[in-house]
Amino acid sequence: DVVESQEHYKSRWRSIWIMYLTMFLSSVGFSIVIMSVWPYLQKIDPTADASFLGWIIASYSIGQMVASPLFGLWSNYRPRREPLVISTAISVAANCLYAYVHVPHAHNKYYMLTARALVGFGAGNVAVVRSYIAGATSLTERTSAMANTSACQAVGFILGPVFQTCFTLIGEEGVTWKFLCLQLNMYTTPVLFGALLGVINIILIFAIFREHRVDDMGRQYKSINSDGEGSDILDQNTEGSIDHVAVVALNVLFFVILFVFAVFETIATPLTMDMYSWTRKEAVFYNGIILSVIGIESVIVFMVVKTLSKKTGERAILHAGLLIVLVGFFILLPWGKKLPNIQWQEIKNNSIPRTAPSEMLAPFWSLPELRLPSNHTAEPVGCPVTQSWCLNTPMIYLAQYISSDVLIGLGYPVCNVMSYTLYSKVLGPKPQGVYMGWLTASGSGARILGPVFVSQIYTHLGPRWAFSLICGVVVVSLLLLEIVYKRLIAFSVRYGRMQE
């Protein structure tokens, strides 16, 4: 039997590639300004403090959390082109607003907050993207397509700061077009570039994207939100109820996965500054390199996991990924006897040796001793005495930190892809927009709560408590996975239409 015509197959995969592009642009929209938000905020509104910066960073995730279920619901009943175009248009408008936040004479920080929240709201189309890919792929194609989607998202997060770095060549002043009240500088050009990419994305959605749905075996059929494409085959395969226990369990697991990674991202800079007496500049520089390497590692993992899952199955790989993340955070626990340098001791005792510029190329294991020349900075370094745990908690050695980075960079992408893949398979052939919206919202909620949790626990109780609690959370998630393990099967397998 002919499962699918060649023309339909090509059109379906062209549409999926447009979804990959949409996912890439969504993550670029988040990361392209992330390094410059704080200096731009200080420039346009001196009344803004670091706590308000936290709200601006969180506003993206809040906007995405609110929008994801709404766009998902919309995509269930209408052609997906509608929410995709509207959400992308919102992101374009929000980026343009960000470029003009310097214009008002007061309350500029609130305009920036609104702009970033709206960019996040537009990024709610991630739920539409993933629900479309889930409905437009067979079971054998699903893992590979989900891995490609996550890889595009990861590449977007990596390239966003690269684009930002390129635009720094324009400088802080740049060029001003008075008749448009527009300043083209290192802060505004990246978002305008993002807006241009959004416009191109909208054009491609109109020109190339088409509605396609196939069942778990790859046979095409018409969906309730299609615009006349596809065929009327196989509607009976939507019969049966979704296993909501498995759905809820996967939402919880996905929350935990995003939560622990948000903790990891948030804690990197303060942890290295406290443990290794790095300055702000050193911490940003070295952690930037580490996160870039982890991003590349993640993309490689996304590619490898597509092949590996065909041999072992998604559930086993998800289990292994969580175990790797657990080991990564367990390694971060303070084990030695040496205490970190205390900040007030460094200020009091100026005889502590500082590394000369010629020694900056020392091997990585000597990085804890790196300093900028004393005549270049008066910045106090080390573990601040205001954190009482600094006086009695052993330091985390650099070898521990880098080993943990490598393991978490390996485990997180594995868990991310397998969660989405299993979720889409459990939901089956029914429209997945709302469910994908809730999954995206749970991930956004985790990205909001993770930094708040770790900043409070780490500041007041120290790394031993912070990382022990994270290990406990991962252990609980592993127990949950064991409990629901047999239920995490594809909809068609559950109802005997296919063999696992």
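Cβ from N, Cα, C; glycine included.
TrEMBL annotations: computationally assigned, not manually curated.
TrEMBL has this to say about the protein:
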DOMAIN    15-489  domain 'Major facilitator superfamily (MFS) profile'
TRANSMEM  17-40  transmembrane segment
TRANSMEM  52-72  transmembrane segment
TRANSMEM  84-101  transmembrane segment
TRANSMEM  113-133  transmembrane segment
TRANSMEM  154-171  transmembrane segment
TRANSMEM  191-209  transmembrane segment
TRANSMEM  245-264  transmembrane segment
TRANSMEM  284-305  transmembrane segment
TRANSMEM  317-336  transmembrane segment
TRANSMEM  401-423  transmembrane segment
TRANSMEM  435-459  transmembrane segment
TRANSMEM  465-485  transmembrane segment
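With respect to Cβ pairs under 8 Å, the transmembrane segment (245-264) is most closely packed against 435-459, considering the stretches 17-40, 154-171, 191-209, 317-336, 435-459. The stretch with the most CB contacts under 8 Å to the transmembrane segment (52-72), chosen from 84-101, 191-209, 435-459, is 435-459. Under the criterion of 3 or more C-beta pairs below 8 Å, with sequence separation of 6 or more, the transmembrane segment (191-209) and the transmembrane segment (17-40) qualify as touching. Highest Cβ contact count with the transmembrane segment (317-336) among the listed stretches 84-101, 284-305, 401-423, 435-459 falls to 401-423 (criterion: pairs under 8 Å). Taking the domain 'Major facilitator superfamily (MFS) profile' (15-489) as a whole, pLDDT averages 80 in the prediction.
Same-chain neighbours of the transmembrane segment (465-485): 245-246, 249, 252-253, 256-257, 259-260, 263, 267, 315, 318-319, 322-323, 325-326, 329-330, 332-333, 454, 457-458, counting only residues six or more beyond its ends whose CB sits under 8 Å from a CB of the stretch. The stretches the transmembrane segment (17-40) and the transmembrane segment (401-423) do not meet in space: the count of Cβ pairs below 8 angstroms, excluding pairs fewer than 6 apart in sequence, stays at fewer than three.
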